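A.B. asks: I have a structure I would like to understand better, so I am pasting it below and will then ask my questions one at a time.
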Amino acid sequence: MVRILAIETSCDETAAAVVRDRAIESNVIASQVCAHQPFGGVVPEVASRAHLENINGVITAAISEAGCDWSAIDAIAVTCAPGLVGSLLIGVTAAKTLALVHQKPLLGIHHLEGHLYASYLAEPTLEPPFLCLLVSGGHTSLIGVYGCGEYQLFGQTRDDAAGEAYDKVARLMGLGYPGGPLLDRWAQQGNPEAFDLPEGNIRLPDGKVHPYDASFSGLKTAVARLVAELRQTHPELPVADLAASFQKAVAQALTKRAIAAAVDHGFKTLAIGGGVAANSGLRQHLTAAAEPLGLRLIFPPLRLCTDNAAMIGCAAADHFQRGDRSPLDLTARSRLSLLEISALYGPTPLAVS
């Protein structure tokens, strides 16, 4: 059994958690939604300042809620890539300081690996291999999971991530921030057949459609044109129908590709991770498509879909057990492929005592 204090500050949530293997002992999140709402999106400098204000209190609360002290913590884990560098630096600096002061091992964790591990928190008995559809504001990928640090990328978006498309379309429709949850609520009241929107196919040189990759920039442009036309012809924008039609297009595109990858590569389990995993339309489409195939679906609870430190701690527990350790010169990186996470650890894994 290993107990990890984990820190997550990759974007606009200041989070800390204490995780014991795959059990959450505390999971504290300080949201910055109110700070960014006036700007209609995340402002990096505002996010960094908020992290700086919140980080000490969040860590203290996580330790307190777990009912333990520093002597019970085996290692300190922190999201170090990818993300907003200014935000990441707050968490990385805090983690390195705590590791030095309390003489604990340090583990840098890839943010996307954390989202993969949210599925283990949802289903502690889950074992690889499985396929994960990771859909968030910054990333949309189909990833084969074969073990800790062992991943294969099958597909991704070539431009806007699904969550990014949601936020941009919500802004076009005047729904405010954060756009994804607001658009989802409107979509539940609308007619998904009201408007015919493009699915976002990627054409290959031979004219065929890429089975797993997608593009959402064209869908966003189509909605922008439609909104402009409707504002000329309608006294009021049909927000619910627009939201429902857009959500259907995104959910169909993601479902089609995830199911194809699962079937083609023999996966029996499909896990969903990232903030868009909370979307009602995506959940409905995936459930309807997976059930006839006998494909097991894993949706983390809503509190584990968005950014949190518990998922980071869960990933760190496996890396710790494997003997991975990060050097104290660990730094924040705005970009790092999930396939390159070995760069976060020392050249030789340590023996686990």
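Even glycines carry a Cβ here, placed using N, Cα and C.
Swiss-Prot lists His111, His115, Asp307 with the feature Fe cation binding site, giving sequence analysis as the kind of evidence. Here Swiss-Prot flags Leu134, Val135, Ser136, Gly137, Gly138, Asp167, Gly180, Asp184, Asn279 as substrate binding site.
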A.B. asks: An 8 Å radius from the center of the His111, His115, Asp307 Cβ atoms defines the neighbourhood of the Fe cation site; name the other residues of that chain inside it, in order.
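C.D. replies: Neighbours within 8 Å of the Cβ centroid, excluding His111, His115, Asp307: Glu8, Ser10, Thr79, Leu112, Gly114, Ser136, Gly274, Asn308, Met311, Ile312.
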A.B. asks: Could you state the whole-number distance in Å separating the C-alpha atoms of Leu134 (substrate binding site) and His115 (Fe cation binding site)?
C.D. replies: 7
A.B. asks: I'd like the Cβ neighbour count for Leu134 (substrate binding site), meaning other Cβ atoms within 10 Å of its Cβ, all protein chains included.
C.D. replies: 25
A.B. asks: Any idea what the Cα distance is from His115 (Fe cation binding site) over to Ser136 (substrate binding site), rounded to a whole Å?
C.D. replies: 9
A.B. asks: Within a 10 Å radius of its Cβ, which of these binding-site residues (His111, His115) has the fewest neighbouring Cβ atoms?
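C.D. replies: So among His111, His115, the binding-site residues given, the one with the fewest Cβ atoms within 10 Å is His111.
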A.B. asks: Can you see whether DSSP assigns Leu134 (substrate binding site) to helix, strand or coil?
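C.D. replies: SS state of Leu134 (substrate binding site) = strand.
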A.B. asks: Of all the binding-site residues given, Gly138, Gly180, which has the fewest Cβ neighbours within 10 Å once its own Cβ is left out?
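C.D. replies: Among the binding-site residues Gly138, Gly180, the sparsest Cβ neighbourhood within 10 Å belongs to Gly138.
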A.B. asks: May I ask which residues of the same chain, at least 6 positions away in sequence, place their Cβ under 8 angstroms from the Cβ of Ser136 (substrate binding site)?
C.D. replies: His115, Ala161, Ala162, Gly163, Gly273, Gly274, Gly275, Val276
A.B. asks: May I ask you to report the DSSP-based helix, strand or coil state of Asp307 (Fe cation binding site)?
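C.D. replies: It is coil.
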A.B. asks: To the nearest whole angstrom, what is the C-alpha distance linking Gly138 (substrate binding site) and His111 (Fe cation binding site)?
C.D. replies: 11
A.B. asks: Within 10 Å of the Cβ of Asp307 (Fe cation binding site), how many other Cβ atoms can be counted across all chains shown?
C.D. replies: 26
A.B. asks: Work out how many Å separate Asp307 (Fe cation binding site) and Gly180 (substrate binding site) at their Cα atoms, rounded off.
C.D. replies: 14
A.B. asks: Taking only the Cα atoms, work out how far His111 (Fe cation binding site) lies from Gly180 (substrate binding site), in Å, as a whole number.
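C.D. replies: Rounded to a whole number, the Cα-Cα distance is 20 Å.
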